[in-house]
Amino acid sequence: MPRFSTYATHLRVLLLLGLPLIGGHLAQFAIGLTDTAMLGWYGVAELAAVTVANGSYFIVLFLFGAGFAIAVMPLVAAAAAVGDELAVRRSTRMGLWLSVLFSALVMPLMWWSGPILRALDQPEAVANLAEQYLRIAGWGLFPALLVMVLKSYLAALGHTMAVFWITALAAVLNAVINYALIFGHFGVPELGIRGAAIGSVLSHGISLLAVGVYAVRAMPQHELFRRFWRPDREIFAQVLALGLPIGLTTLSEISVYAASAVMMGWIGTVPLAAHGIVLGIAEAAFMVHLGFGNATTIRAGTAYGLADRDMMRNAALVATVLSQVIALVSVILFLAVPEPLMALFVARDAPARPEIFAVGAGFLAIAAPLQFLIGAQVVAVGLLRGVQDMRVPMVIGALSYTVLGIGASYVLGFTFDLGGAGIWLGLLAGIGCASLLLMRRFWRRGLDRTLIVPAPPTGRPGD
């Protein structure tokens, strides 16, 4: 009975932390869909340009840079567990520093994106429009990453509802601003793709202001921006050492999906369209896993800070079981109602609708069991982030996603002539390998790291 009570407590805390974070991730997902949909209504060339600009540039760089923001979450959770407000402030501050530095370093890639896209054989018109978009939207990377750091700080301290509401309001604000600037409503000029870029920057900027004001007012004791200019080399190195592998692991993961889309395009338009739809459905399901994965990181970070192995073990067991229950729900939906799910992405009068549905149903049948592996992988990553172990997981991710995942997709799809199904089976192989190895890493090594008490930061007491 005591063990059941312990598990129930962990489940309740995971749900309280995870559900608002899921809502926040879905709201963030909606922002991307809104931008794409509105530019799709505006023009085909603009839609193609923003797809290239976001898919190949902004999102990739954002996810890489977000590694530093994600690193703040376990560091703050561990420090807060033992009441170390100094470490909470310093970890968050250095996460903000690294986000600004990263944004400044990659801004030239945004500014001179046109020549790079042309070198990648993008059509001249698409490259020109994408460059126009990125030269404006690139400035939004600064506030976007700073918002991510502050959201990680708030989530680690249990303020997940604030994270949800700020993201949800940002999604609504982004839709209104884009509608006005793209199409020229509410008395503003019609700016097309440049309007979408301006809207993106404004939305990120307002979100930064909102989350910054909330953070300062909700937790004035941390004095986040007090002597903000003062560096802390020790924690700067700590955030860098944890955030860089997180960013690189994320790049490895998204590379396998990007490569699968390229390979699917070699097969034909209908398989590519079906692939994109199934990826969209799977991404929505992934947002649920990701929310609980973040909650798992917070719980693991707290246990790590307290050096409580039993707490870590019980939280890991509950998170793993919960992830598989969520995966089971996704599997049932994927297999029971594939056409209604795909109908959300395909117009009723689309000429290729029956062919897309037929091909997509086959892809969903493979994506269904993949949900169990994705759930296990997200939990394992969340646990390993919580115990601040990401170097070996980075190598596991690179080998599993990039080498095995992409390699198996190509071999099964083209050498064995399985086509699109072979590409999805390759994804299954890569993600399956990653999930098993990452889980093994946590239970063999990560759990015992809980016994290592994190060293308190040194330095000026007034920082």
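Cβ coordinates are placed from backbone N, Cα and C, and glycine is handled just like the others.
TrEMBL: automatically predicted annotations, no manual curation.
The transmembrane segment annotation in TrEMBL covers 56-82 (among others).
If you look up TrEMBL, you'll see 94-112 (among others) marked as transmembrane segment. Proximity of distant same-chain residues to the transmembrane segment (94-112), defined by a Cβ-Cβ separation under 8 Å and at least 6 residues beyond the stretch ends, is recorded for 57-58, 61, 64-65, 68-69, 71-72, 134-135, 137-139, 141-142, 145-146, 148-150, 152-153, 228, 231-232, 235-236, 238-240, 243.
Under the heading transmembrane segment, TrEMBL lists 132-150 (among others). Residues 49-50, 53, 57-58, 61-62, 65-66, 68-70, 72, 92, 95-96, 99-100, 102-103, 106-107, 110-111, 113, 193-194, 196-198, 200-201, 203-205, 207-208, 211-212, 215 of the same chain, all 6+ positions outside the transmembrane segment (132-150), place their C-beta atoms under 8 angstroms from a C-beta of that stretch.
According to TrEMBL, the transmembrane segment annotation covers 162-183 (among others).
Annotation source TrEMBL lists transmembrane segment at 195-216 (among others).
Here TrEMBL flags 236-260 (among others) as transmembrane segment.
What TrEMBL records for 272-293 (among others) is transmembrane segment.
Under the heading transmembrane segment, TrEMBL lists 314-336 (among others).
Feature annotation from TrEMBL assigns transmembrane segment to 356-380 (among others).
Sequence annotations record features per position, and here TrEMBL assigns transmembrane segment to 392-412 (among others).
Tertiary neighbourhood of the transmembrane segment (418-439): same-chain residues 256-257, 260, 263-264, 267, 271, 274-275, 320, 359, 362-363, 366-367, 369-370, 373-374, 376-377, 379-381, 384, 393, 396-397, 399-401, 404-412, selected by CB-CB distance under 8 Å and a gap of 6+ residues from either end. For 418-439 (among others), the entry in TrEMBL reads transmembrane segment.
If you look at the transmembrane segment (356-380), the same-chain residues 6 or more away from its ends with a CB under 8 A from one of its CBs are 270-271, 273-275, 277-278, 281-282, 285-286, 289-290, 292-293, 296, 316, 319-320, 323-324, 326-328, 330-331, 334-335, 338-339, 341-342, 346, 350, 420-421, 424-425, 427-428, 431-432, 434-436, 438-439, 441-442. Same-chain neighbours of the transmembrane segment (236-260): 55, 59-60, 63-72, 74-75, 91, 94-95, 97-98, 275, 279, 381, 385, 388, 390-391, 393-394, 397-398, 400-402, 405-406, 409, 423-424, 426-427, 430-431, counting only residues six or more beyond its ends whose CB sits under 8 Å from a CB of the stretch.
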